[in-house]
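Notes to accompany the following structure.
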Amino acid sequence: MQRVLTAVQMREAEAAAQERHGMPSGLLMENAGRALAEAARSVAAPGARFTVLCGPGNNGGDGLVAARFLLEGGARVVVSLVGDSAKTTPESKRNLTALEGFGESPRAFEVLPEPGPGDVVVDALFGTGLHRAPAGAFADAIGTMARWRRAGAKVVAADVPSGLQSDTAEPFTPCVEADVTVAFGFLKPAHELEPGASLCGDVRRVDIALGGEAARVVSGPELFRVEEKDARDALPVRRADSHKGTYGHVLVVAGSPGKTGAAAMVALAALRSGAGLVTVATRAEALPAVMAHSPEIMGLPLPGDGPLGKGDLDALKAALEGKDALVMGPGIPRGPETGALIGDLLAAVDVPAVLDADALNAVAEDLSVLRRAKGPVVLTPHPGEMAKLTGKPTKEVQLHRVGMARQLAAALHVTVVLKGSRTLIAEAGGRVFINPTGNPGMATGGTGDVLSGVCGALLAQAIPLPRAAWTAVYAHGLAGDLAAERRGLMGLIATDLLKGLSSVWVRWGR
């Protein structure tokens, strides 16, 4: 896991490093500037000129250090100080003096030579503390950097692209779009959440000697980025003496006439994710079409017809006997009693449950039914379903994804998987995990059904929450990435992820 820190938490981490280990702030700036220079060199064409734009704060100081290292390496460098020089921090002033010792004095922004293709622009105007839209000379500089980038220059940002809010990942106007962003010490929300992540380009986190323990002393909510090793290591290695019962039995309550594919995709994803057995419970008229997708799927006809309601409780309770996980929702026939049925079922059995699609829409009418659950519950809403669960507009959900997911998980004592670009996994205790895998080709019907099946399979294999959830999400996204390499983004469909899942397990030695 990589810890993701807010601006306040980052300041606390830096202060802790300085107080506990006697780490001088000048050394942190020196390390940051060195890393920034190395990143700039890595994208430069032979003989490139480096243009370094520095603000008056410590972010500008990082840029001044980078300029000095570039000069030491024999590069052509021009530097400009943007903004009020009277606000230059003491550390930045010291590094300005050191830079001038190399014969390079800052130039007026207006007379800088135009960077061309292969040249590099270093954006060191603002750091993580930006709280309002850039204006005046700063706005002019950001606009000019955009023009230079369109002309072929590469832009390397110091910590966060200028104009991007570090904590919310929302851009002000104007905002720098970087080719590379060098994250100092720890990742920030802007690096990992959209739309900021797309503006950061290639994010390269560098150690500036804060030490990993610095993150353990910061206050406030915890946010993490899931790494591939975390997901891989969460999966058990199959024992030679194991059998189908070792890996759990998943009950899938899904599908209806015209929506049998949803049930089939959940079941197939669970089977492809290691579940020993999978049974689909659905209305009798829909069951043959579901089972026709694969001979490995077992079927259980639910008596009656029409929407699921309280009359189905006894049949579903009986169906859950001997099962290790429940996945409910995709394609179910929903009616006025469906939410109450789900609440009664969860209150009656101690089985981990994944609720998706119409199960979420049903319980959204009365969320209190979820508080009665005996076993752990995972909710897997997309933004529209999250809007129904929270009573907030979808736009507001998207603007405050981390906070919304965290609040809902805590309020209902569940795990929330808020789907979308950089899917979030929030646990009831307040921790939130960001998933980095997946791609826009997965924005197609059925991919959520596949995710539910993967999650159900991992729960059936006794992988605890939230580990089962973030492992499922990571593997699901990686399966989509591997499938996109074969199919492209436009041609990707949900069933392609089933083959992608097999590729993931092979890659992980599982």
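Using N, Cα and C of the backbone, Cβ positions are placed for all residues, glycine too.
Pulled from TrEMBL, these are the features on record:
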type    : residues                                     : note
BINDING : 58-62, 127-133, D159, A262, G331, H382, D449 : (6S)-NADPHX binding site
BINDING : N59, D123, S162                              : K(+) binding site
BINDING : K419, G420, S421, R422, T423, G448           : AMP binding site
DOMAIN  : 10-216                                       : domain 'YjeF N-terminal'
DOMAIN  : 227-508                                      : domain 'YjeF C-terminal'
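Recorded features from TrEMBL, shown on the structure.
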residue	record	CB count, 10 Å
N58	(6S)-NADPHX binding site	24
N59	K(+) binding site	28
G61	(6S)-NADPHX binding site	31
T128	(6S)-NADPHX binding site	22
H131	(6S)-NADPHX binding site	9
S162	K(+) binding site	29
K419	AMP binding site	22
G420	AMP binding site	17
S421	AMP binding site	18
G448	AMP binding site	25
Listed in sequence order, the residues of the same chain lying six or more positions from H382 ((6S)-NADPHX binding site) whose CB sits under 8 Å from its CB are K419, G420, G448
Argmin Cα dist to R422 (AMP binding site) over the binding-site residues N58, D123, D159, S162 returns D159
Cβ density check for D159 ((6S)-NADPHX binding site), other Cβ within 10 Å (all protein chains) comes to 29
Among K419, G420, S421, R422, T423, G448, which the record lists as binding AMP, the farthest-apart pair of C-alpha atoms sits at a distance in angstrom of 14
One of the binding-site residues S162, S421, T423 has its Cα closest to the Cα of T128 ((6S)-NADPHX binding site), namely S162
Cα nearest T423 (AMP binding site) among binding-site residues (N58, N59, D159, S162) -> D159
CA pair N58 ((6S)-NADPHX binding site) / S162 (K(+) binding site), Å rounded to integer, equals 13
D123 (K(+) binding site) has its Cβ surrounded, within 10 angstroms, by a count of other Cβ atoms equal to 29
Among G61, H131, S421, i.e. the binding-site residues, the one with its Cα nearest that of S162 (K(+) binding site) is H131
Among G61, H131, D159, S421, i.e. the binding-site residues, the one with its Cα nearest that of D123 (K(+) binding site) is D159
Taking only the CA atoms, the spacing between H131 ((6S)-NADPHX binding site) and N59 (K(+) binding site), expressed in whole angstrom, is 15
Within 8 Å of the Cβ centroid of N59, D123, S162, the other same-chain residues by Cβ around the recorded K(+) site are L53, G55, G60, G63, A124, L125, F126, G127, A157, A158, D159, V160, P161, V176
